[in-house]
Structure formats: C-alpha cells, structure tokens
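A quick write-up on the structure given underneath.
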Amino acid sequence: MKCLGKRRGQAAAFLPLCWLFLKILQPGHSHLYNNRYAGDKVIRFIPKTEEEAYALKKISYQLKVDLWQPSSISYVSEGTVTDVHIPQNGSRALLAFLQEANIQYKVLIEDLQKTLEKGSSLHTQRNRRSLSGYNYEVYHSLEEIQNWMHHLNKTHSGLIHMFSIGRSYEGRSLFILKLGRRSRLKRAVWIDCGIHAREWIGPAFCQWFVKEALLTYKSDPAMRKMLNHLYFYIMPVFNVDGYHFSWTNDRFWRKTRSRNSRFRCRGVDANRNWKVKWCDEGASMHPCDDTYCGPFPESEPEVKAVANFLRKHRKHIRAYLSFHAYAQMLLYPYSYKYATIPNFRCVESAAYKAVNALQSVYGVRYRYGPASTTLYVSSGSSMDWAYKNGIPYAFAFELRDTGYFGFLLPEMLIKPTCTETMLAVKNITMHLLKKCP
C-alpha cells in the first residue's frame, strides 16, 4: 500500500495514518511496562544447610534480587523455599554462583517479560470498561474497579452502600462497599484485598465475592442467611496507590507510595505498619526494603483510615479477613509470636472446615495454622492488630499458587481460585453465625 500521494502536503497528512495502520498490524512491537523485564528470571532454591542459607542471603543482597518468597531475606534459612526475581544483568552471576557452590535450584520463569505478556490480556483491545458485561475473569485496573463499585452502588442500592473512609498518600479515595440487607443492629465481617500491590488475585477475589453475593442472594439459602444477618465491609483495593503503580510502572511493586524525607526509596509495607509489636521481628527499619515498617505505626494514610474505621466499629465487627498471595495458606494469629490464642479451638475449627471446603472443589490443598509457625514470624500485621483490638475471628488467606506462576497467576486461574475461596469464606462466615460469639 502506498501512503505517499502526488503532493508533499498530502503525503504529510497521510503519514500518521500509515504509522497507525502499521502499529495495528504489528501489535507485538510494543511491550508491557516498556519491556523492562526482558530476560529476567525467577529462580527457586531451598538451602540444605545454614551455611548455604548464609551464602544465598549474601549473594542475594549483593545482586539486589527482588524476593518473591519469603518476603524478606532475613527469613531465608535451612529448608526455606526461596523464590527470587533476578534482573537479566544479574541472572548470569547468580546461576554461576549456584552452580559453583553446588546448590540445587530450579528456574521457575525463564523470561519474565514473555511470561507476563503471555499470561495477561493487558495489551489486548478487549472492552474492559463495559459495566453491563463486567468480566470477573480478568484483572482490572484501579479505575475500572472503582467505576464498577460506583455502578453497583447505583444498581443494587437494596444490598449495597458505597462510601469512602479517607484518602491515600497520593490523594485517591479509599472506597468501601457495605454489603447486606439493611438493618440496625447486625454483626459484621471486614474483608480487604490488595494490601500488597503486586498480589492482583486479591482484588479479583473481592470483586468475585461481591458478584456471587448479589447473584445468589435469592437462590442460595446460605448466602441469604449471611446477608440477612451480617454486614460485609469490603475493600477491594486497600493499597490504591501501589496497585495503580503496579499497572502503570512496576508490575511487582509491593509497598505503598509514600515518600521518605531521607531516602529516595518510596513506600511502606502496609502489612508491617500496624500498632502491634510494630517494627519487631520480620519487619525492616530501612525504607528501601520491601518489609519497611514505616517511620511510626499507622504512618500510612491507608492504614490509618482502616484502623480508625475498625476501631469505631469493633463492637460489631466479629471477623477480619485479608487476602494475599501466594502460598496456598489460611493463617490466623499470632504472626508476631509463637503462642496460642485464647479462642484457638473455635478459630482452628473454622480454618479446618474452610480448607476442606476449598479442597472439595478442585482438590487444591491449603495449609492452615498460626501465621508464625505456618509461614513465618512478622510484626505489625493487620491480622494481629484486628485480633488484638477485639475482633475474635482474624484470618489471612494466601491464595494460589505455590510458586509456579507466583505473582503472575494467569487470568484463566481467576475463576477456579475465586470459586474455591468463596466456599472457604462462606464456611468461615457460617461457622461464625452458628458457633462462635
């Protein structure tokens, strides 16, 4: 096709059209996140001895790896499953070190950029903003999620009320959906998703939960009982600034986006910023670390807003559920110490039944137990804070998977993940209504 006409003026006018046409014909020419992850790898290793663990921690620190699992290099010890994202310019050095030290490893993701683009539909031309045909089996941007919330608030006013509890560091509204049949005195359940920005399956589940509640309210006796007897306060995206940043700049961003007066590094771990054994074991005081606890408890506007809301309503809120990824675990207090909670039997029974219900769908197994022994010790967590502040049922879900995809859980796994998790949440809620005060 010739784009140039006889006259230069006409040719100049047609050049932009030709360029656009060629871009459409070659969609692979542009890459997500400016191709920043090309050649990056995700590598798993499990140190067999403390000597290996020490050596791995040292090389990981030197190469500035992005730790996927566990959340801090300090957790790496003998037998710890460790997944690291290593940039292309450091992968050769890391692999050479592992081979020379005779440390066994496995490359989980050979090229992070290719995996990212293959497993995501961010670069397609699908109409993702059509609220009438909202697709719950794809990941949605913050703008799309908040538009969806506004839409539900208008179209389902009998069961949904939307409100804001404050603003984020960058000025974004912190929206909540109050779900349930309206009544004066009702117990409540709090659900939040997306405390850590890169854990996209969390917000996907929060949306799925709302969808299922609205669709099955009339047909499912259990759901009808839940919404008639309880309110659900649902925060689909807790860390709104970080989540937005993970869509526009860095897919694997974890923290909030607050600035630090002394360091160029931005953000605080919103799950280390709560006033419960703040900045103790499992949290970092360095602003550049992913587990940075912040300059003081509740320093982050997002954490402060949620803490204030929970404090105000703690007499009625009987359960706190927070959704994370990845590990396939259902955790309960304590995170910050090795100790048994007073209502252990009730909470442990609920967790046991929840993971069994979850497994009954697709056979996916979740570990369950106190966070400190099942995962690792961490201080300043939202779950521990909720429990310490009078909410007797406090759980944290670590959703799929166990590392094959990690934070890049494909969209084709959203439906099965949310379907099985829905059963677990319903089980916990019904257990709360039947047995525990």
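Cβ coordinates come from backbone N, Cα and C, glycine included.
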Check Swiss-Prot and name the cysteine among CYS265, CYS279, CYS346 that pairs with CYS288 in a disulfide.
CYS265
Show me the subset of ASN89, ARG254, CYS265, GLU398 whose Cα is within 10 Å of HIS196 (Zn(2+) binding site); these are the recorded positions I mean.
ARG254
Between ASN427 (N-linked glycosylation site) and TYR326 (substrate binding site), what C-alpha distance do you get in Å?
21
Of ASN89, ASN153, GLU199, CYS288, GLU398, which recorded positions come within 10 Å of TYR326 (substrate binding site), going by C-alpha to C-alpha distance?
GLU199, GLU398
If you run the three-state DSSP split on ARG254 (substrate binding site), which class comes out?
coil
Tell me which residues of the chain lie with their Cβ under 8 angstroms from that of HIS324 (Zn(2+) binding site), as long as they are six or more apart in sequence?
ILE195, HIS196, GLU199, GLY202, ASN271, ALA396, PHE397, GLU398, LEU399
So which of the binding-site residues is most packed in, judged by how many other Cβ atoms lie within 10 Å of its Cβ, out of HIS196, ARG198, ARG254, ARG272?
ARG272
Same-chain residues six or more away whose CB lies under 8 A from the CB of ASN153 (N-linked glycosylation site)?
ILE160, HIS161, MET162, LEU177
